[in-house]
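S.K.: Have a look at this one before I ask anything.
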């Protein structure tokens with residue numbers, strides 16, 4: 001059976017996404033992974049990658065960078081090449097997030113280079129059409145997130161289910177294999193349940209988990225809801 | 001019969017692309033259009049659009065902007081919304097040129113908005129894969145130009161014919177209708193002939209025409225070579 | 001006596017800033033210039049520069065571009081080098097507008113190059129400190145515009161007069177000669193009157209004039225108020 | 001007596017700037033600090049900040065980020081607000097490096113915010129004039145680095161000493177207190193000696209140390225040469 005995916009974008013909430021909070025969130029994620037077996041992905045800020053990687057060490061939880069810069073290693077200042085991420089031990093990278101859009105040629109460059117370095121790629125898109133466009137480039141995962149719902153707590157799976165089903169349709173026409181995630185406004189287990197019922201394999205969540213009173217509870221609820229949805 | 005396309009990017013060569021030189025180039029293009037009937041597209045700098053539009057007025061030569069900014073009209077300074085281009089009388093717009101790359105979400109926004117405003121779109125790409133990615137968005141034309149050959153005088157049709165045939169393959173898989181152009185290093189009639197023989201409908205040329213001793217002769221030669229190639 | 005400056009940024013309001021509207025605004029400006037003798041500067045969109053230059057031809061009204069790109073002429077697509085603006089006949093250029101910020105090294109490059117080409121420079125800044133920073137580079141004019149007031153109709157001269165007086169103070173410490181303009185929310189003659197009373201030489205106005213019911217009346221009123229203020 | 005400054009920009013050389021190499025470089029720097037007492041600043045990639053901070057813990061060596069993004073903490077993905085850096089324990093931040101230029105308004109925003117957070121700022125500039133422009137904003141340090149010499153091994157102190165002396169002149173006119181560093185091509189102790197003799201307080205070095213066969217030796221030599229120069 002295919003495992004549902006619970007991807008958590010820490011963003012840069014302060015203090016939630018940094019220091020001890022980031023570490024604690026990672027430990028909560030490990031607990032959810034142990035208890036449910038879903039595929040858990042954590043994307044902390046660059047500066048917290050090291051401590052989060054240490055926190056999940058030896059478990060199945062994966063750590064992704066929130067972004068990578070389309071640069072070769074060398075004389076570049078304040079940018080992060082994929083090689084630096086790989087060396088640190090990250091498993092993957094989010095690309096083209098709504099808050100960090102990339103040029104199409106740079107997405108292509110990064111997806112191809114990540115594949116060579118065995119770094120997984122999760123490429124975001126704002127519409128079904130751009131979701132299909134980036135899917136053509138062969139990333140591991142695509143998440144379609146209508147920007148107007150991001151951070152609202154109004155989930156795309158409830159407010160715009162047609163965006164999700166339409167995304168699955170147009171993406172599958174150009175790429176049979178890419179994993180499709182649902183994102184934007186995902187806050188509850190029910191949102192996650194609908195996401196998998198509509199044909200995607202998981203969710204990309206940020207404030208719904210990171211700023212939750214009890215992130216563990218929300219992650220657990222979402223993981224179980226997705227398992228139920230896929231059963 | 002389908003007409004071959006001869007698209008001329010004036011870029012910003014000085015003084016070639018400006019003032020009287022731009023006007024004269026436009027008049028040469030009109031002559032080639034009259035004599036050969038090929039689809040001629042001229043893309044002068046923003047500041048020369050008005051005079052080039054006047055120069056080709058009443059003919060079949062089309063004028064494209066070299067770029068459009070992904071902005072709505074309003075409080076924007078030093079940016080050009082599509083509405084401003086339409087109002088001026090342009091027929092189309094080049095998007096995502098190698099020297100002016102765009103974010104994938106912005107290409108999608110501009111292609112869709114241009115369609116509503118009846119502005120044609122010619123989207124550039126650096127590889128067959130990105131060519132297919134942008135083709136998913138439904139532009140009128142796609143040009144695949146390996147950046148390393150742009151401006152070299154070494155044509156992609158001779159140096160990397162597999163880029164052209166591969167582009168046609170992967171683009172056609174996702175879009176049956178888009179017109180496919182060959183670009184990068186196109187300098188001679190032979191380059192243009194090979195481009196159509198390899199399955200594309202025309203060429204996107206810059207310095208090969210704009211900086212030529214006799215732009216009229218080069219355009220004429222390319223137009224005739226493409227007609228021969230398609231015959 | 002020093003002449004007050006009335007600088008009009010057309011921005012990209014639609015249809016106000018384009019086509020016949022742009023031309024009519026230019027003709028109104030010529031009338032105000034003839035009737036009052038103030039220094040009038042018009043900054044239309046790139047695509048309207050040619051027609052506005054024609055409209056003010058033979059008068060003392062100056063035409064500025066809203067922006068210039070920090071590029072040398074050559075293989076650049078969709079960007080405007082200063083040489084192209086000069087060739088068209090522009091008198092000056094706005095740089096670093098709140099809606100089109102530039103890197104400090106690019107402002108320096110453009111100010112120096114503009115001087116060589118006899119193109120005047122009007123550099124915008126968001127605070128007195130950044131106003132002083134750009135004044136160090138030796139532009140002809142500096143306009144300090146608090147972004148939060150731009151386009152509000154609440155004028156900086158009334159809402160934050162200390163920004164204006166403070167700007168004059170810190171800019172004069174580093175540059176004795178640069179002309180200092182007041183901008184953001186300037187809508188009435190009174191706003192312009194206060195601006196010169198606070199020690200600046202004129203105003204930078206956009207929607208207050210461009211979207212006014214009768215732009216001529218507003219420009220006339222502002223011009224006369226500034227003359228009164230400087231008398 | 002004023003202590004000379006030895007600032008080391010790790011850039012993103014691979015594998016030199018990452019992992020064990022970054023850690024070892026930090027340990028070498030600690031040794032030089034102990035042996036010479038000069039002010040040593042290390043600027044590793046974002047992803048190595050944590051381990052370098054741990055490596056220098058309890059010593060006088062300072063750790064700077066190579067860049068900071070002009071964002072508030074919150075819903076930002078793949079960007080680093082100053083609060084995240086502070087929380088990690090960095091002492092300062094490099095801004096506007098030649099390989100990561102910033103808009104003047106963003107430099108102002110970051111310098112002011114860093115001051116509130118007790119984060120030191122080292123702002124780079126490409127010419128004496130832009131050095132003076134950024135000095136107006138009140139950073140702790142300014143480094144003037146002619147981009148054409150960066151990474152060449154040809155030091156600005158030998159090849160263009162007038163850039164250094166001119167920088168000191170024009171920066172001192174607008175800011176009496178800012179520390180002025182010399183950068184670009186600094187490779188030897190002699191380069192560093194000349195830098196302080198020309199009136200600056202230290203050097204900003206990258207490949208000359210990071211890619212050196214024995215970084216410890218080069219740092220030691222530069223530190224001692226500067227001490228001699230200032231004696």
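Count begins at 1; order follows the chain as displayed.
Cβ coordinates come from backbone N, Cα and C, glycine included.
Owing to the predicted nature of the structure, the values given are computational and were not obtained by experimental measurement.
Straight out of TrEMBL:
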| type | residues | note |
| --- | --- | --- |
| ACT_SITE | A:97 | active site, electrophile |
| ACT_SITE | A:145 | active site, proton acceptor |
| BINDING | A:9, A:10, A:11, A:150, A:185, A:206, A:207 | substrate binding site |
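For each listed feature, how buried is it and what is near it?
M.R.: Taking the Cβ of residue A:97 (active site, electrophile) as centre and 10 Å as the limit, one finds 26 other Cβ atoms among all the protein chains shown. Classification of residue A:97 (active site, electrophile) by DSSP places it in coil, neither helical nor stranded.
Around residue A:145 (active site, proton acceptor), taking its Cβ as the centre, 26 other Cβ atoms fall within 10 Å, counting all chains.
According to DSSP, residue A:9 (substrate binding site) sits within a strand segment. Sequence-distant neighbours of residue A:9 (substrate binding site) (same chain, 6+ apart, CB under 8 A from its CB) are A:43, A:66, A:94, A:97, A:204, A:205, A:206, A:210.
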S.K.: Over all pairs within A:9, A:10, A:11, A:150, A:185, A:206, A:207, the annotated substrate binders, what is the largest Cα to Cα distance, rounded to whole Å?
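M.R.: The widest Cα-Cα gap among those binding residues is 14 Å.
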S.K.: Counting only residues 6+ apart in the same chain, whose Cβ is under 8 Å from the Cβ of residue A:150 (substrate binding site)?
M.R.: A:98, A:183, A:184, A:185, A:206
S.K.: Sort residue A:185 (substrate binding site) into helix, strand or coil using the DSSP assignment.
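M.R.: Coil, per DSSP.
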S.K.: Between residue A:145 (active site, proton acceptor) and residue A:10 (substrate binding site), find the distance joining the two CA atoms and give it rounded to the nearest Å.
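M.R.: Cα-Cα, rounded: 16 Å.
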S.K.: Restricting to the same chain and to sequence separations of six or more, state which residues have a Cβ under 8 Å from that of residue A:11 (substrate binding site).
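M.R.: Non-local contacts for residue A:11 (substrate binding site): A:17, A:45, A:66, A:99, A:206, A:207, A:210.
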S.K.: Suppose we draw a 10 Å sphere around the Cβ of residue A:207 (substrate binding site). How many other Cβ atoms does it contain, all chains included?
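M.R.: Residue A:207 (substrate binding site) is surrounded by 21 other Cβ atoms within 10 Å.
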S.K.: List the same-chain residues at least 6 positions away in sequence whose Cβ sits under 8 Å from the Cβ of residue A:10 (substrate binding site), in sequence order, or say none.
M.R.: A:16, A:17, A:22, A:25, A:42, A:43, A:44, A:45, A:48, A:66, A:206, A:210
